[in-house]
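These come from TrEMBL:
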- B:81-147: domain 'HMA' (DOMAIN)
- B:164-189: transmembrane segment (TRANSMEM)
- B:201-218: transmembrane segment (TRANSMEM)
- B:238-256: transmembrane segment (TRANSMEM)
- B:262-280: transmembrane segment (TRANSMEM)
- B:422-442: transmembrane segment (TRANSMEM)
- B:448-472: transmembrane segment (TRANSMEM)
- B:735-751: transmembrane segment (TRANSMEM)
- B:757-775: transmembrane segment (TRANSMEM)
Amino acid sequence: METLLMLIPVALILGGLGLAGFLWSLRSGQFDDMDGAAQRILFDDDDDAPPPPGHRQE
Amino acid sequence: MTGPAALCRHCGTPLEGGSGAEEGFCCAGCAAAHHLISAQGLDLYYRRRSLDPAAPPPRPEAEDTCAILSDHVVPLPGGEASLSLMVEGVQCGACVWLIESLLTRQPGVTWARVNLTTRRLALRFRPEGADPDTILAPVRAVGYRLVPFDPERLESEDHRRERALLRAMAVTGFAAGNVMLLSVSVWAGHAQGMGPATRGLLHWVSALVALPAVVYGLRPFAASALAALRAGRTNMDVPITIGVVLTSAMSLWETIHNGPHAYFDSAVSLLFFLLIGRYLEARARGRARNAVEHLLALDARAVLVIDPDGSRRMVPPRRVAVGQTVLVAAGERVGIDGLVTEGCSDVESGLLTGESVPVAAGPGSPLYAGTINLTAPLRLRVSAVGEETLLAGIVRMMELAEQGRARYVALAERVARWYAPVVHLTALSTFVGWSLLAGMAWQPALLIAVSVLIVTCPCALALAVPVVQVVASGRLMRRGVLVKSATALERLAEIDHVVFDKTGTLTAGRPLLCQDGGWNADDLADAAALAVRSTHPLARALAAAAPQVRPAEAVVEHPGLGLSSPDGVRLGSRAFVGVADSDEGAGPDLWLARPGRSPVCFSFADSPRSDAADTIAALGRLGLSVELLSGDRPAIAAGLARVVGITDWRGGSGPAAKVERLTALAAAGRRVLMVGDGLNDAPALAAAHVSISPANGADISRAAADLVFQGARLAPLVEAIGVARMARSLTRQNFALALGYNLLAVPLAIGGVVTPLIAAIAMSASSLLVIVNALRLTGGRR
């Protein structure tokens, strides 16, 4: 029983962290250009800076 | 390097002699672009790029669209400004890298990013440092076309809904996973003797996770169900909403009373599955719409207005006023309706009338929006803008024709119309049967009735259509066919008759020299030497037939008439070369007159697309009758019909006649697929049972069509019909699977023996079965 009291909150918190992470990445535009992201990795330039804060990419 | 097989080092087109070929470039623009890229040290682009052979190469154009960039610059806090542009010509990661590298090296640019999926460029720069035209100049010089757009306008309602669906999917997915984890413990506890207190605790935790997720994830369905009920209809979302709400309510009731049956896992995973289907469907449709919007935006060109004081400015067509003077350069599309005040030229009105031969225009001739001015600049006095143009009239005709199609009811809706009442009646009679006839107390009887609703909740049924739609439109998109409308594939599967437009649809839309023996190689060489100097489509076709010829010097173009060189050679219309007006030929022709020799006639025909005849034959094998409906002269329509193997043809049909013909066909019970590209086809496209338009057609016809196909071949058409038919049979199989599952599960539920475990297994299994069945359509991956 004690294990349950510990494991259930742990499972929920870990899952919730995953969910929060996904919602954050969605909001920050990381899912806007899946094709582009797959191609960018082939060009090892360092001018691949992330968008400025507050920017919503189209 | 200059052999016939050599390719331009920048754009990759085969080189055909002429200036610049020695260095390996096809034109000065390409050479400049190559030097620009090398000078910046970005040669990696040429090694990394993978050009799509079907797509036009990035080739700099001498004159680009002159859209007003400053109108679209949005100032941002902190002194920066942002600009959103559509980019034409982006094909691969190398293009993205090249554009971003070129832009970030420009002074004043703080950030530039190209989205490869939507082919849009987001730019941030310091407006005091540079103006946008200068910043973007190198990108244009390399050969990409840039058109500004308003991100607010394109950030459409659908796009927001798609994001909301994705968020709801994430939340319900999280909840489904965790609740299922807890449910497995409860099920295992049944076998191992879990105490009621532990079970109660697990149920409470499930409720805590599931209920907020259900409230969040159910909103899209509840909104649609409410809208349907308010309109006095019912759709698939009504039983879904009722089912999920009742499941959650009953589970909460059981949890409060420490009962054994909580269905939180079923409620949440049901929502999760359904949201996956909805999201994928929305995304597939969004991609198609996005691609079409891209095509539309690239066509919006500004109009050059000449003010009374002689100053010139570029104005969007909708802001031009009647009575103003507009200059239309040679080779430009006319943006407004007007009367020619100055200049003589040839005008191609193929998109508007379906006629492939350009007509001469001089002072006093009316010109319509959508036509192309070919040989010389024209000044027009604007006679109509906006709603008054011929174009707008065609749009109105189209909207009228579209109303008929709005009545089409999708298969899923038809099923839902009888499914929902049947299910709710079954649940009601179960309750009545147990409580009145079998004398059960009302609470357990209600529980059984609710469990009937739970197992009949149309999870698999609601997934049956969207999953097939997503897989089918994904497969078609890889073949260059964009599915714009939700029911397009369903309607496409039903057709029994195909109506083709001629110019630009069955044909390539440009004339080709006929090898009819009326001329010899010498004649051709002499004529082509003059023809190279002109942009008239007939002259271009002539020049293309003799690519190795040396261009003649000092050629004078007489707009609307022809070309002449100082040594007395004339190439042009019958009247221009002085031939007595004898019999009119079947198609367009050019005459060559040389001093001391008799005139030679070159005749032309608009050549059919390379696989037109094969496509017609393939359509015949699919059991479809084919008809040609052209706005061009009957003789030309008949000639083409013979070449591609169509026996049923009609010429000289205007927009209204085309709609009339389609209405007559529909009245005769035919289900017609209309294939057309021009403005004159748009009303017919809207009136047909289903319609397809090529991507290079007029924007309005692309907007009217249900599907848009890309590329120079007609084969995607046959593929689309094939996929639509397969999608139809898979959809029907899926319905059969989903209903079969209900036939098995409902008697169990009515008997009162369904437990949460059985419900969960049955529901997930049927949903997975439906999805796996739909995935059979993915075959034929490139």
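Placed from the backbone N, Cα and C atoms, the Cβ positions cover glycine too.
TrEMBL labels come from automatic prediction, so no person has curated them.
For the domain 'HMA' (B:81-147), the DSSP counts in helix, strand and coil order read 23 helix, 24 strand, 20 coil.
Tertiary neighbourhood of the transmembrane segment (B:735-751): same-chain residues 411, 415, 426, 430, 433, 448, 451-452, 454-456, 458, 460-461, 464, 758, 762, 765-766, 769-770, 773, selected by CB-CB distance under 8 Å and a gap of 6+ residues from either end.
In summary, the transmembrane segment (B:238-256) lies against the transmembrane segment (B:448-472): three or more C-beta pairs, each 6 or more positions apart in sequence, are under 8 Å. On the 0 to 100 pLDDT scale, the domain 'HMA' (B:81-147) averages 83 in the predicted structure.
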